[in-house]
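Encoded as structure tokens, the structure appears first; notes follow it.
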């Protein structure tokens, strides 16, 4: 009886014991509750007496069941045969399928043992049920009956369907026939009698399914029923039939060598002439299948060997039966048997693996280290190398997958050599260093223990691979993923801390490189490792192939918070004066990063206040020995930088720079091969006054010349956009009168190289400083002189350059700033009179009394110095 509540149109009710559905009609409800009520069938008859109710007799519920499907499925259990009959009489359709494609006839055939099946099936067939209808899997009523003839269905049902012309060789979606279904289930749900019946009615004994398998193959695969095998063979089953993978019946039977009666089945097939050396598409024989799948049952293996199976036959990949057994078996017994029968223990397959190789890398899957021990005891080559690596390395490779640390220990205990390199030049230890990184944190402890085990068994931490790496440099290459414990372990076992790779990078250099752009967490880890390496004696001055030391790498970093590392490196005697291949010193790197930050920081002022219109340049006065300008150098003080959110980073970078500048071994005026100092470099690339002032405050010499003869002033006038940088250099006693190698002084060099605006500012500040022209041949050159000829010299330069069309605009800008009464031609009367005045004021009598000036004396009507004095005073207001 179905245990259900009262009928509810929206309720959920059972279609049969294990399947519930919504959408039940009142008729469906009356059917499943028929035997709950003594008048159950009468209620159904009464309900169907109403023509209105009959109209909905074929209505489906949500699972696709009709009232007839439910009645047939539960006939004899919840309802009666009489109910099935009245439904058919009232017009219930026999071929309506539920959502799984099952018709009432299929239900009846499957369940005929419990539902008055013979009578129900006859009744359904009488009312036009399609005997060959298929469900969604392609199963027919005959297939269901044949599969279950010894359980839910019956032999009689199968015969009834066959007598009513059911198609005996129809196939389901997988290509299985009724005979195949019966053979698959003969041990449990079907019977030999059913198979004999199907064969009697003409079932095709050698029909094949979608995989090319026959009924005999299915029998060998699933039943292991000796009587069935003999029946099929006696009825003409093809013993040498081959499925689409090339498997024969003997291979299939050998594959299930651990099953009941498997030995007898194999023996029957062999005795009936099955080819014991047949091969499938992988060239595997029945013996190979028996070895691969037998596990602890060796009977079939022994039988095949006794029947003459070749123990050394190889498959497509050159695997032998021993290799397959060592790879897949969970028992040592098949391996023992094969070895006792003379199997070659050191045969290798196409990948170079012997039986021990494969036993080791699969030791975790089978949880059996006894196979490994047996193969070693029987003389397997423990140091065999496959196409790439040794057995020990392969075992370590599969740690956490197919192998385990116990297997590694067994190998090491039996003298496996951890120092044999693989084809890439890496030993087992070097391989594990990479695996330690690759596997990540989840397997870190496991890999750490394996590395320690290898070191305990004399693995050489200083073995050098083809990339010139030892274990420490190999790990350090992945410095962002390394923790300090593994580094400590290698150091404890004597790894060479200063070994370098092909790029001349030591572990210290590699970790410093990682600090350049690492995140906070990684940076913290790398810092600790750097400190450890220094404590353990790492050479702080190793130079890599780019010419960088640890200090220069750190100084080039974008990370502002590396003061402690810089301090630590310097404390360990890092050389701050090295030059890399880019001709940079650590100081140059550090000041350039500081300058870069200042330039790109939005909150740093881009223009420091300056007085570019000043008529004086205090640097010239200072250099000449005159009194300092009233404008103090402190106007350039870094304290003027307004406080902002970037101030902490500015302070960090400034601190790093000052630390290096103040270190006792730092040569602030150190020159590279091109003669460039940190100050020259900064003046050449920067518009920021702060880093330049830091250098000058710490003793940078502004008058050092590079290989071109250029000083900081030369660099500044050419590259900077700010007159303040030039003025700052002058305030720190930069000499504006130093010549370049090509004979150019500062002003003429500025005129040639600097921007128009800068040249105007430079020239304006030189007007009141003593200069003169060297010669008529080099009119644009201005040099220091005791003579007060600066205005004339400037005019001469302007007059000369005004002839150059491209520079005429500069002349136009400067000329209004010169006294308007001075004419352009220096040989004119006014120019000569002005020169005479200046010579007199300087007291240069020798230069006044010349033949050239006699014409002027005559013009002025003077005969002595007193008259000349009066005349000069008189004409001062007119020239």
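Even glycines carry a Cβ here, placed using N, Cα and C.
Long-range contacts of the repeat 'ANK 2' (63-96) within the same chain: residues 1-2, 15-16, 19, 21, 23, 25, 27-28, 31-35, 40-41, 44-45, 48, 54, 57, 102-105, 107-108, 111, 114-116, 119-120, 123-124, 127-130, 133, each at least 6 residues beyond the stretch ends and with a Cβ under 8 Å from a Cβ of the stretch. The repeat 'ANK 2' annotation in Swiss-Prot covers 63-96.
The feature repeat 'ANK 5' is assigned by Swiss-Prot to 174-207. Under 8 Å from some Cβ of the repeat 'ANK 5' (174-207) lie the Cβ atoms of residues 138, 140, 142-143, 146-152, 155, 158-159, 162, 168, 213-216, 218-219, 221-225, 227-228, 231-232, 235-238, 241, all in the same chain and six or more residues away from its ends.
As a whole-number mean, the pLDDT of the repeat 'ANK 6' (211-241) in this prediction is 93. As annotated by Swiss-Prot, repeat 'ANK 6' applies to 211-241.
The repeat 'ANK 8' (282-313): residue composition by secondary structure is 16 helix, 0 strand, 16 coil, according to DSSP. Per Swiss-Prot, the feature repeat 'ANK 8' maps to 282-313.
Here the repeat 'ANK 9' (317-347) is broken down by DSSP into helix, strand and coil counts: 16 helix, 0 strand, 15 coil. Annotation source Swiss-Prot lists repeat 'ANK 9' at 317-347.
Taken from Swiss-Prot, the feature repeat 'ANK 10' covers 351-384. Using a Cβ-Cβ cut-off under 8 Å and counting only residues 6 or more beyond its ends in the same chain, the repeat 'ANK 10' (351-384) has close neighbours at 317, 320, 322-323, 325-332, 335-336, 339, 345, 390-392, 394-395, 397-398, 401-404, 406-407, 410-411, 414-417, 420.
Here the repeat 'ANK 11' (387-420) has Cβ contacts under 8 Å with residues 351-354, 356-357, 360-365, 369, 372-373, 376, 426-429, 431-432, 435, 439, 443, 446-447, 449-450, 453-454, 457-460, 463 of the same chain, all six or more residues outside its ends. Feature annotation from Swiss-Prot assigns repeat 'ANK 11' to 387-420.
The repeat 'ANK 12' feature in Swiss-Prot is assigned to 424-463. Look at the repeat 'ANK 12' (424-463): DSSP puts its residues at 28 helix, 0 strand, 12 coil.
Within its own chain, the repeat 'ANK 14' (506-542) has Cβ neighbours under 8 Å at 472-473, 475-477, 479-480, 482-484, 487-488, 491, 497-500, 548-551, 553-554, 556-559, 561-562, 564-565, 568-569, 572-575, 578, counting only residues six or more beyond its boundaries. Annotated repeat 'ANK 14' per Swiss-Prot: 506-542, in sequence order.
Remark: secondary structure over the repeat 'ANK 15' (546-578) totals 15 helix, 0 strand, 18 coil, with classes taken from DSSP. Taken from Swiss-Prot, the feature repeat 'ANK 15' covers 546-578.
Within the chain carrying the repeat 'ANK 16' (674-704), a Cβ under 8 angstroms from the stretch's Cβ atoms is held by residues 583-585, 587-588, 591-592, 594-595, 598-599, 608, 636-638, 641, 654, 657-658, 661-662, 668, 710-713, 715-716, 718-722, 724-725, 728-729, 732-735, 738, all 6 or more beyond its ends. According to Swiss-Prot, the feature repeat 'ANK 16' maps to 674-704.
The DSSP breakdown of the repeat 'ANK 17' (708-738), given as helix, strand and coil counts, is 17 helix, 0 strand, 14 coil. The repeat 'ANK 17' annotation in Swiss-Prot covers 708-738.
Taken through DSSP, the repeat 'ANK 6' (211-241) splits into 18 helix, 0 strand, 13 coil.
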